[in-house]
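Visitor: Can you keep this structure in mind? I'll have questions shortly.
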Amino acid sequence: MARFIFITGGVVSSLGKGLMAASLAALLQTRGYRVRIRKFDPYLNVDPGTMSPYQHGEVYVTDDGAETDLDLGHYERFTGVASRQSDNVTSGRIYKTIIERERRGDYLGATVQVIPHVTDAIKAFALAETDDVDFVLCEIGGTVGDIESLPFIEAIRQLKNELGRGNAISIHVTLVPYIAAAGELKTKPTQHSVRELAALGVQPDVLVCRCEQPLPPSERAKIALFCNVPETAVIPALDAKSIYAVPLQYHGEGLDSEVLRAFGITPSSAPDLSRWEEIVERLEHPEGEVTIGVVGKYVGLQDAYKSLNEALVHGGIANRVKVNIRWIDAELFEGDEAEIAAQLEPCHAILVPGAFGSRGAEGKIESVRFARERRVPYFGICFGMQMACVEGARDLAGIEHASSTEFGPTDEPVVGLITEWMSERGLEKRAADGDLGGTMRLGAYPAKLTGNSVVASVYGADEIEERHRHRYEVNTAYRERLEAGGLVFSGLSPDGMLPEIVERPDHPWFVGVQFHPELKSKPFDPHPLFASFIAAAVKQSRLV
Ligand code: GLN
């Protein structure tokens, strides 16, 4: 049976609980254990699919088509274990299920309540599909003390009791702030937060203390005393140079051995940390650097492009170079050629990532043109592929008014809606009802690659599977004209209906993909497209 590790956070948000969970899971893997990580989000949205990237950051998509919290991206990048729909649940989803059952009369007249109905649903979610792993890590979003996380804490309390000692532990992540005026680290917020958790019936087994200064032994002892844990179970967590240095840092502080101790497990062998040592080695000692211009919309909002940012770093790891990302706001330079050149000339390669809506679209089309004409490596992802096709249609295929129906009615819908997918998934009704959730082509789909294409050699395969999140598709009715303009359709859905990849064979590196390869890239297994793109940027950097 799987053992459970529940992870809560206290004092403030943004303490890096997700990274802690991902790092701990990675460390357990280095000791040969099989892991799965789950995220419970206490908010009332059914999933993050409809939430603004400004508020919530990227929506991470799983193979099975779930729109989930970006922490699942960290989990997958650190463990290599593909996340599933069943790894992320929100209060909204739980309440929706319960209310639907109640309306159907499934509760046979009983009063439906937070305890036991909501807590039972949370417990069932935590326990489901866990037979194939040794450890399940469950991270609770939010901060202890929030009203909305109460049912989750109560469910943990019950589960710790039901599963028994040795089968379930909890870790609380807190902050030990440094007060400059006093020149001291303060443990009181941690004490209060643990007291609050204890009042809800959950005594943490391990405390992870984020701090900006090293935690002296005296303060460690004080936290242990007041929070009722052994001194060794107080794990200091200083800021790391890179997120990929976090697992080794936690290992150095004894996190994984403390967790095993809390379960009563004596480790039989030393962990094999070589995978993480190699990544940190490459990140800390790059042999060069490149600058990638990312022309997007949510500039300054790193979380909105979390996976993309990481995949570019992974491409750097593959090529032993440091990747500097220059975030460029597409709206800034629309129609202003001098500004376009000023922004893009310092870049060794240009990437246009996924996006929704017309804002900034013309600026992105102009960056495609710049990359094509100046022979700078270009990578278009989802919206970036669609705009590469619009640019090709307008500038090389003579389709002056080429556009996407996403921007409004057009005579030349080079990019249009994918209604066929909606009917296949029985989604027309939801769309007609004005329900914005779930009307997209979501999750993993296969694609067939053309034999002697750039992408076939990059992947070293003729069939691939990648994750999607979009409503629109490049319209195959324009294929011949676009190909006459030099844009080759080198990847298609197996039925040949949907263009998945376009490329320009006459260009040093010009690839557009309808899917999101960044979602599957890992530091120890960089995505081949990102590795190849960064290699092209390295080549470009030697030319200029
Ligand atoms: N807005 C475009 C679509 O829905 C592209 C989406 C994306 O880039 N993820 O098809």
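Cβ atoms are placed via backbone N, Cα and C, with glycine included.
Annotated region 'Amidoligase domain' per TrEMBL: 1-265, in sequence order. Annotated domain 'CTP synthase N-terminal' per TrEMBL: 3-264, in sequence order. Per TrEMBL, the feature CTP binding site maps to S13, D146, I147, E148, K186, T187, K188, P189, T190, Q191, K222. What TrEMBL records for S13, K186, T187, K188, P189, T190, Q191, K222 is UTP binding site. According to TrEMBL, the ATP binding site annotation covers S14, L15, G16, K17, G18, L19, D71, A240. For Y54, A355, F383, G384, M385, Q386, E406, R471, the entry in TrEMBL reads L-glutamine binding site. TrEMBL lists D71, E139 with the feature Mg(2+) binding site. As annotated by TrEMBL, domain 'Glutamine amidotransferase' applies to 301-535. Among the features that TrEMBL reports, active site, nucleophile is placed at C382. Per TrEMBL, active site is recorded for H516, E518.
Walk me through the surroundings of each of these features.
Guide: Per-residue pLDDT, averaged across the domain 'CTP synthase N-terminal' (3-264), gives 94.
Contacts of Q191 (UTP binding site) defined by a Cβ separation under 8 A and a same-chain sequence distance of 6+ are given as I223, F226, C227, in order along the sequence.
Using a 10 Å radius centred on the Cβ of K186 (CTP binding site) and all shown protein chains, the other Cβ atoms total 15.
A 10 Å cutoff on Cβ-Cβ distances gives G16 (ATP binding site) a total of 19 other Cβ atoms nearby, all chains included.
In the three-state DSSP classification, F383 (L-glutamine binding site) falls within a helix. With a cut-off of 8 Å between CB atoms and residues at least 6 apart in sequence, the same chain places V352, P353, G354, A355, F356, K364, H470 near F383 (L-glutamine binding site), listed in sequence order.
Cβ neighbour count for E139 (Mg(2+) binding site): 27 (other Cβ atoms within 10 Å of its Cβ, all protein chains included).
The Cβ of C382 (active site, nucleophile) lies under 8 Å from the Cβ of P353, G354, A355, H468, R469, H470, V513, Q514, F515, H516, each of which sits 6+ residues away along the same chain.
According to DSSP, H516 (active site) is assigned to coil rather than to any helix or strand.
Contacts of E518 (active site) defined by a Cβ separation under 8 A and a same-chain sequence distance of 6+ are given as S307, L308, E310, A311, I381, H527, F530, in order along the sequence.
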Visitor: Please name which of the binding-site residues listed here, S13, I147, P189, M385, is nearest in space to A240 (ATP binding site), Cα against Cα.
Guide: S13
Visitor: Which binding-site residues (E139, P189, T190, K222, M385, Q386) fall within 10 Å of K17 (ATP binding site) by Cα distance?
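Guide: Cα filter at 10 Å returns E139.
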Visitor: Provide, as an integer number of angstrom, the distance between the C-alpha atoms of I147 (CTP binding site) and P189 (UTP binding site).
Guide: 19
Visitor: Got a sec? Which of S13, Y54, A355, C382, R471, the recorded positions, have CB under 6 Å of any ligand 1 atom?
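Guide: Passing the 6 Å Cβ check against ligand 1: A355, C382, R471.
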Visitor: Whole-number Å only: compute the distance from the Cα of M385 (L-glutamine binding site) to the Cα of D71 (ATP binding site).
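Guide: On Cα coordinates alone, these residues lie 26 Å apart.
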